[in-house]
Structures are given as structure tokens and as C-alpha cells.
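Now, the feature entries from TrEMBL:
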TRANSMEM  28-48  transmembrane segment
DOMAIN    35-454  domain 'Major facilitator superfamily (MFS) profile'
TRANSMEM  68-88  transmembrane segment
TRANSMEM  100-118  transmembrane segment
TRANSMEM  187-204  transmembrane segment
TRANSMEM  266-291  transmembrane segment
TRANSMEM  297-323  transmembrane segment
TRANSMEM  330-352  transmembrane segment
TRANSMEM  364-387  transmembrane segment
TRANSMEM  399-420  transmembrane segment
TRANSMEM  432-450  transmembrane segment
Amino acid sequence: MMVVEEERSIEEGLLKLKNQNDDSECRITACVIFSTFVAVCGSFSFGVATGYTSGAETGVVKDLDLSIAQFSAFGSFATLGAAIGALFSGKMAMVIGRRGTMWVSDILCITGWLSIAFAEEVVLLNFGRITSGIGFGLTSYVVPVYIAEITPKHVRGTFTFSNQLLQNAGLAMIYFCGNFINWRTLALLGALPCFIQVIGLFFVPESPRWLAKVGTDKELENSLLRLRGRDADISREASEIQVMTKLVENDSKSSISDLFQRKYRYTLVVGIGLMLIQQFSGSAAVISYASTIFRKAGFSVAIGTTMLGIFVIPKAMIGLILVDKWGRRPLLLTSAFGMSMTCMLLGVAFTLQKMQLLSELTPVLSFICVMLYIATYAIGLGGLPWVIMSEIFPINIKVTAGSIVTLVSFSSSSIVTYAFNFLFEWSTQGTFFIFGGIGGAALLFIWLLVPETKGLSLEEIQVSLIHQPDERNQT
């Protein structure tokens, strides 16, 4: 009873803080911009890895004499490694901090990329893919969390979405350069952003919310002063962070059983559900094997991948601009609808091809559908599940919940990446009809369950979502 009363009093204090005005929280300082840039360097390398199998397929298969099964395994090993990294991502980010986790990720990614670049046999090739994948598993969790924890709330979505923008930049480089740069050189280019991040991390502050969690109040204030400006009044924001930390400190030793408390089930369902629909709607397969799809459709691989390389960054900018204007839910709904429709049209295109009807039209229709699929994916389901994941979990369960959600994402991605080539051989049109159906189910899930978090601080989101299940039960 006393614990309940204490929590209630803390929540009342948080609401009072919410009603106070503090212009310092609206500042976008050079430190915030630079810190975000350093964090998303790892995202660029992750984007290179995502599209690497598309850009390097011909060269790798030819030089190392790989079979379809061996190359499919190589493609899936990155996400398999990422699933392993996900198991440790949350705990590592809590124990050694956000910056420390990014340093560990860089070491793994650099080792992996160099192993791929100098591989002379399939064993070293796969070792490099798995090792870098483990690093990307850490990156995918810690980068959006770090950015969400350092940025002002009115631009948090935009800055966190830059994680997706830099992934698309890496993807664009692979699509564009894969046509004329050797696969070994591409691997070296993938390692370059990790070297930049290793150096940059020495000059950025640690997350103030992690500092509050580990009890270093003085360092918390110093971090906020660096992020908001030395002349800023950070007292309100520091108090809000400390109040929410106290609200959850009774549950500070997070475990699996904590996640199934009634007040956390809703957020867990949302986090896991978004990651499942992100992957099983076919995103990993289409992005990783775009060249295979173009080849099967009879469209020029060189033209198709070059156009994707040119197109992939501008379309990601749309999501970056709209995420804090439209909100999360409208972009997710638009994204799921677009992915579902383009997959259905791809299924129709391959059906017409199989029936030998409109043979001149189907290659162009397939190319347009792939372009639109990746565009609609980028504005919503590509990055927003990670944005929402970084927002909805309170600090006391962020370790366990974040690790599980990241593990689900990469495990499902590994399954899709490995199975795609075999599904594609089984039925080209059936593969995309399956993806389209899952995209349709995603619309229903988002409409019914996913909350809107635009314009709220992390502490405000956590208070509202803890009581969300009770409010739903009352209605």
C-alpha cells in the first residue's frame, strides 16, 4: 500500500513538472546534432550490410564458387549474428552505458568487415558476416535508444528517424556502387563509418537517463548542460528524469518475469508485434535480394539497382520530415498499406509473366513495385518500430524488453532472408502474395494497438502507457 502511495505521489510530481515551461528543452544544440551524427555512423554500416548481398552477389558467388544454399546462408548469417547480439544489447547498454556499447559494436563490425574483405574461403566469409552481425545487433538497439534519450522531445522522432536515414544511405551506396566496385572493396567501405564512430564517441556525452539510472547525479547535470547549452536551465528536465527513475527504481532489477506484469504487457505486445510485421512483410528479402527480383522479372539489374541507389535516400527523407508532424501512427498505417499493395501487385506481375501475358509490361511493373515497396517501407515500418521501441519501455525494463524485441526482429529477419530464395524458386507470385497478406494484417494491428507518442517526453509516455491497459479494460 505504501509503495502504491509513493508511486502515486511521484506521478503527481511528474505531472506538475510537465505543466512547467522550460525553453531549454526545446534547444537543438550543436552537441545534440554532433552526438546524433556519431551514433548513426554505425547505422550507415548496418545499411551497407543489409544491401551487401544484393550488390556483392555476383562477385562473391563467382570468386568463391558458392552454391545457392551457401549464399543464402551467408546472407542470413548477418541477421543470425544480430540475433545473438540482441541477447546482450540491453544488458550491455545498461552495464557499460550507451557509448560503451557502441564501442564494442564497432570492434565487432570492423573485425567482421575485414574478415569478409580478405576472405579466401567460405569459412572466413561466414565468420565475418556473423561477427559483424553481432555488432549490428548491438547497434540496432543502442543507437535509437541513445538518440531518443539525448534529444528534445519536440524533435525526438526526427532525430531518432535519422537512424533509418543513414541505414538507407548505406543501402544506397551498395545499390549504386555494387555495379562497378569489387565486393572486397565494398566490405572495406562498410567498415569506414565504424572507424569514424570509434573516434567520435570520445567527444560526445553519455545518455543523461542512463546516468540517472546508475546514480551519478552530477554527471547527469553535466551531460544535460552539454546537450542543452552551458547557459541553459536544466533543472526541470533533470528533475523530471530523476522523478521517473524513482518511480521505477523498485523494479530496477529487471527480469523476464517483470515483463509479464499487467502494466507492461501492452508495451511488450506493441514492441514485438511491430518487429514481427516489419520482417514478415518481406522487407529483409526485398532489400537483400533486389537484384534477384529484377533478374527474375526480366528487368536490367544494373539499371534497377542504380535507380534504387539514387531513389533510396530522398524517399527516406520524407519519413524524417513527417515523423514529428504527422505522428507515428499515420506513417505506420500508410507504410503498411503501401507495402501490402505493392506486394500484391508484384504477385500479379509474376502471375502475368508465368501466363506469358503482357510480357513487355511485367518487367517495368515489377521494377516500379519494388521501388514503391522500398519507399513505403522507409517512411514507416523501416524505422518507426525502432523509434517506438526506444520510447515506450521504461528504464527499469528497457534492458530485458529491448533485448527481447531486438532478438525477435533479427531472428525473424534471419528466417525470411534464408527462406526467400527457396520460396522464390517454389513460387515467385505466391511469395509476394504471402508478404502482401501479412502487410494487410499489419494494418489491423497498427490501427488497434499502436499508440501515438508524438510530442511527449519519454517520462510522459511511460506514465501514460503504464495505465493504458487499465484504460482499455474500462472502455
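Using the three backbone atoms N, Cα and C, a Cβ is placed for every residue, glycine included.
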Leading contact stretch, 28-48, 68-88, 266-291, 364-387, 432-450 vs the transmembrane segment (187-204) - CB distance under 8 Å: 28-48
Touch test for the transmembrane segment (28-48) and the transmembrane segment (432-450), at least 3 Cβ pairs under 8 Å: no
Selected stretch (most C-beta pairs under 8 A with the transmembrane segment (432-450)) from 68-88, 100-118, 266-291, 364-387: 266-291
